[in-house]
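K.L.:
Take a look at what TrEMBL says about it:
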- Gly216, Gln217, Thr218, Ser219, Ser220, Gly221, Lys222, Thr223: ATP binding site (BINDING)
- 459-491: coiled coil (COILED)
- 561-588: coiled coil (COILED)
- 656-683: compositional bias 'Polar residues' (COMPBIAS)
- 802-820: compositional bias 'Low complexity' (COMPBIAS)
- 135-449: domain 'Kinesin motor' (DOMAIN)
- 596-617: region 'Disordered' (REGION)
- 653-696: region 'Disordered' (REGION)
- 800-825: region 'Disordered' (REGION)
Amino acid sequence: MGSNNRWNWEVAGFEPRKSVEQRDDYRRVPVAPRRYSMSISSHSDLSKQVFNSKLLRLNDKVKLAREDYLQLRQEAMDLQEYSSAKLDRVTRYLGVLADKTRKLDQAALETEARIFPLLSEKKKLFNDLLTAKGNVKVFCRVRPLFEEEGPDIVEFPDDNTLRINTEDDSLSNPKKDFEFDRVYGPHVGQADLFADIQPFVQSAFDGFNVSLFAYGQTSSGKTHTMEGSSHDRGLYARSFEELFDLSNSDATSTSRYSFSVSVFELYNEQITDLLLESGSIQPKVYIGSLDYVVELVQEKIENPLEFNRILKTAFHNRGTDTLKFKVSHLIVIIHIYYTNLITGDNIYSKLSLVDLAGSESSRVEDETGERATELLHVLKSLSALGDVLASLTSKKDDIPYENSVLTKVLADSLGGSSITLMIVNICPNVPSMSETLSSLNFSSRARNAMLSLGSRDTIKKWKDIANDARKELLEKEKEACELKLESMGLKQDLKLANDQCVLLFNEVQKAWKVSFTLQSDLKTENIMLADKFKIEKDQNLQLRDQITQFLHVEQNQKLQIEEKDSAIEMLQAKLKSVESQLNEALLVNETRMANGSISQAEENSSKKATGDDMDSAAVTKRLEDELKKRDALIERLHEENEKLFERLTEKASLAGTPQVSSPSPKGPLSQSRDLQRNENTNAKGRPGDGVSPLASEKTERAIALVKTEQYDSLAAISDGANKLLMLVLAAVIKAGASREHEILAEIRDAVFAFIRKMEPRRVMDTMLVSRVRILYIRSLLARSPELQSIKVSPVERFLEKPNNGRSRSSSRGSSPGRSPVRYDSSSRNMLVGDQIQGFKVNIKPEKKSKLSSVVLKIRGIDQETWRQHITGGKLREITEEAKSYSIGNKALAALFVHTPAGELQRQIRNWLAENFDFLSIADDTAAGATGQLELLSTAIMDGWMAGLGAAQPPTTDALGQLLSEYARCLYTSQLQHLKDIAGTLATEAAEDSAQVAKLRSALESVDHKRRKILQQMKNDAEMLNLESGAAPIRNPSTAAEDARLASLISLDSILKQVKDLIRQASVNALSKSKKRSMLVSLDELSEQMPSLLDIDHPCAQSHISEARDAVESTAEEEDKLLDAPPPGTKFSADTTHGSETDVAQWNVLQFNTGSTTPFIIKCGANSKSELVVKADARVQEPKGGEIVRIVPRPTVLEHMSLEEMKDVFAQLPEALSLLALARTGDGTRARYSRLYRTLAMKVPALRDLVGELEKGGVLKDIKA
């Protein structure tokens, strides 16, 4: 990986292997003419120079590693000291904050302890004030008169009196008055009624038992008063909501409130629990008196919604019998629990809400049977309730609770310090007069039975006591409020302290994490460097020993070569002597011929010449043998040199990237020497006709040399490609699931481009390619539920048993050398119905001969339990057949992608076990206890995996085709999603400039994402498809969105100009010419409206009208000649006011420079796509307020000097100048380019501009 944190595929090993002449450290030595006496001193000198250079390089690397280690160790020590000092400071500060927190907690607890007695006394005084006139209160409520009910008989003299017109002429006064604690007419709603009942709910919340009864005849409004309607809630819901609000306002860290509810029905003196569910364990509560206890279910409630849900459940369990509702009582009890953690007090109270049965007494005489019994029970319970209330108001000692189940159950809510409120509901019509008078008499009996307060003095005394109680209550409330305010202040301080503690704790955690990470990294690197140093040291020692041995071998070979040279010299001397003898013989022959003895001389000379020719041929043959031996020694020496060179290259590459460029064992130098030697030999041996064979031999050797170099280059490329893919897989697996997708996205384009480049050469391990492809496809599956839902065929569809006929997989034809089975490529991808061609596993049981049976019997093996074994050759054959079957098979590729490898192999193994029961489960005689099924399934899996990664030009491999389809599906769904979002945004109307800018930014963002997806799809189509005729990518039409975006851009420009005109009109008076020009500008803006869409017309029209009204309403004045500004006026913040108003959204950046206060800079873009910044004019106090400036592009500084740059930066905020200025002009331009890019990338509207500037080379200083 390069220094710019991007993947670099230019690693050693992918270039063709260089020959000896192409190496940099090689010096060509001219080939000398062939002589019989040769020396290898030049070659040995060259080898020594190569060895010395390699040793020097290794020593340099060791020195650099030591220096890096010492530098890293010093940095680690400095960082550890800095972290320790910072942690000490933070720890001390945390201790101070902890002490302050403990003090605040103690103060809060003391305040709570002081408040609690005051609150208790306040609750007691409030209850005493509420029960000053008795514990029983009676309210009367009259329902509205319905249509066709006749005249109204009820009058309301005041808020406490009810008048009934009896229409009895026999009486002197037919109107009768009744007095109550409060009277409500038909116009009073539920909220006004509850306003007077709220003090009773408050008393129940304070710890006193309270009971509320709804009394009256049927259809008088009892159930409406208690339950209410959907739009006007009754006492049930309002009472619990009040309790819930009181608990939220009064609950503290040391006090807790909890609520539960019980609902039951009393029918015929029998209790039915409406919350009881059969077969379930629910919490219970016991209510009633000492003599009568009832067990009821209590449901815990946390909020009003749960309370309403429980009530609906109870009403549902009650049934739908309306006749039964009229003769039964419905009781809802809310249990209130209070716990104080300081005092340890636990207070229990309850609020009982009772909807009584109808009080009709006249119907008893008309009813018979079961109905009469029901009415009698109702009258009995109501009469008993009246007796209890009368006894309580009369202060009697004996209270008759035992007369009815209703009074027994509610005994603790009627007597003692409890409070009882009865709401009497009556009908205002004439037919109900008798029942109305009966209900009023019943309620008057309970109210008028109160004891008299005594004489006026007694009444005055009681009034004084009540006034004193009120004053004392007000003082206590005031003191409690002050203590609450103090407690709230302490809580706020405590919260701030806790927040500071959390921030400091987070800082400490970050510091610890950074310190621990750095320490672990440095420790790991230290260990690695130490191990490297040790390994290199050992390798150097081994290298020295090898060099010593090599020099010794070379010396011995030199001695042997010198001996061979001396022998050659002796043979040459002998050859010369033979030639001289031959010449002498020729001279003697000529002399004899001259003397006349021709015949005799010819005979002798012929014999001698024949003998000399025989001696010369033998000498020449012996000389050639010696030369061949010498050449063999030279070849061995050269091979030893090359082996040693390869070892040195491998040792040197341990510190860097693996090298695959070692020279071939028989390099071009030895090839050329052999060629030259053969040429000389042929020239010496056959001086007459040796030209043609020499030329043919040269051609053959040249062809062999080319083939060798080509083979070596492909081998190097293959080795490097496979190593690189293995590194990719190792990196992804090491990253784990948390960063797998991130790493895949980072190296995705580079990996696919590399695979496509290497596919035509067929040099890669296709199993590695398959694993890489599967990784990427599964990363797509994780991002798309639609792809995850794709159904694939089971593994049984891809496997077949061999035919019943004579198969090629018999024992006779199972040799590994025969050709594998070929499959039709056209039928591999048939996915319709059941037309998938399966892979035939060609294995059949072997027939046991008599000899094999005898051998098994001798070895003691049972013939029934004996299983067939598969040979290694057969496994290799099956692997090749599986590879041939899986090439281009997309259905099989989908199975591999959607099924884990372990699960797939298990399914194959199960299928084999079901279909080939003659195979051995375990092989105890050969390589351990490895199952034959396991070996066979592994062979099939390996073959399939290798075939799926093999390309079929002009198309890529099957997994690559599947990846292309899945990527296309994913991108299509993403484009459709963006299309839907853009369509929704295009139909939204904008009312002001802020909404216009927001819609415009949203549409631009959607368009940017869409173009990014299209570019990625284009890149994928180029990388995943080898053929050029791939199907085009379908891009959803965006005409409507583009039209709306253009309309919004025009509308934004119009609104900005309108806003500028309104700003200019916000003065006391305008000159006539100025006003005319502004009105003309508004008319021009109105003429631009046809360029907008209809949805944007209202917004533009309203803003133009508003601006026109503002301009026309401004007073006019005569034109005046304005003085021109003096020359040299400096550029101020006012000159960029238009730029500030032109920016739709500001983005904030914080630059930490090491000082106590960071630099805060706001950046945005105007309508001209210029970078605008807003920051304080100066860094130090006084800062001079925020100023707005347009930041120039880096091209402005291209030909400026450093002083000119400072003049330009002087117009910008001081923070930008400090961040951009450097010591030199080049450094300033580079820093300013980086700063400009950082600011512009923060603004979404300028990111495309940054990309264009980078492509144009404007931001080239960034990479430097």
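Just so you know, glycine gets a Cβ as well, placed from its N, Cα and C.
Automatic, uncurated: that is what TrEMBL annotation is.
Since this is a predicted model, take the numbers as computed values, not measurements.
In the displayed structure, how are the listed features positioned relative to their neighbours?
P.N.:
For Ser219 (ATP binding site), applying a Cβ distance below 8 Å and a minimum sequence separation of six or more within one chain yields Cys427.
Residues 104, 107-108, 111-112, 114-115, 118-119, 121-122, 125-126, 128-129, 132, 252, 453 of the same chain lie 6+ residues outside the coiled coil (459-491) yet bring a C-beta within less than 8 angstroms of a C-beta in it.
Averaged across the domain 'Kinesin motor' (135-449), pLDDT for the predicted model comes to 88.
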K.L.:
Compute the mean position of the Cβ atoms of Gly216, Gln217, Thr218, Ser219, Ser220, Gly221, Lys222, Thr223, which form the recorded ATP site, and then list in sequence order the other residues of that chain whose Cβ is within 8 Å of it.
P.N.:
Arg143, Gly358, Asn425, Cys427
K.L.:
With Cβ-Cβ distance below 8 Å and at least 6 positions apart along the chain, what are the contacts of Lys222 (ATP binding site)? List them in sequence order.
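P.N.:
Looking at Cβ-Cβ distances below 8 Å from Lys222 (ATP binding site), excluding near sequence neighbours, one finds Ala214, Tyr215, Gly216, Asp355, Leu356, Asn425.
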K.L.:
10 Å Cβ neighbour count around Gln217 (ATP binding site)?
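P.N.:
Here the count is 24.
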K.L.:
With an 8 Å cut-off on Cβ-Cβ distance and a minimum sequence separation of at least 6, pull the same-chain contacts of Thr218 (ATP binding site), or say none.
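P.N.:
Same-chain residues close to Thr218 (ATP binding site) (Cβ under 8 Å, separated by 6 or more) are Lys326, Gly358, Glu360.
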K.L.:
Just name the most isolated of the binding-site residues Ser220, Thr223, going by other Cβ atoms within 10 Å of its Cβ.
P.N.:
Thr223
K.L.:
At a 10 Å cut-off from the C-beta of Gly221 (ATP binding site), count the other C-beta atoms across all protein chains.
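P.N.:
Other Cβ atoms found within 10 Å: 19.
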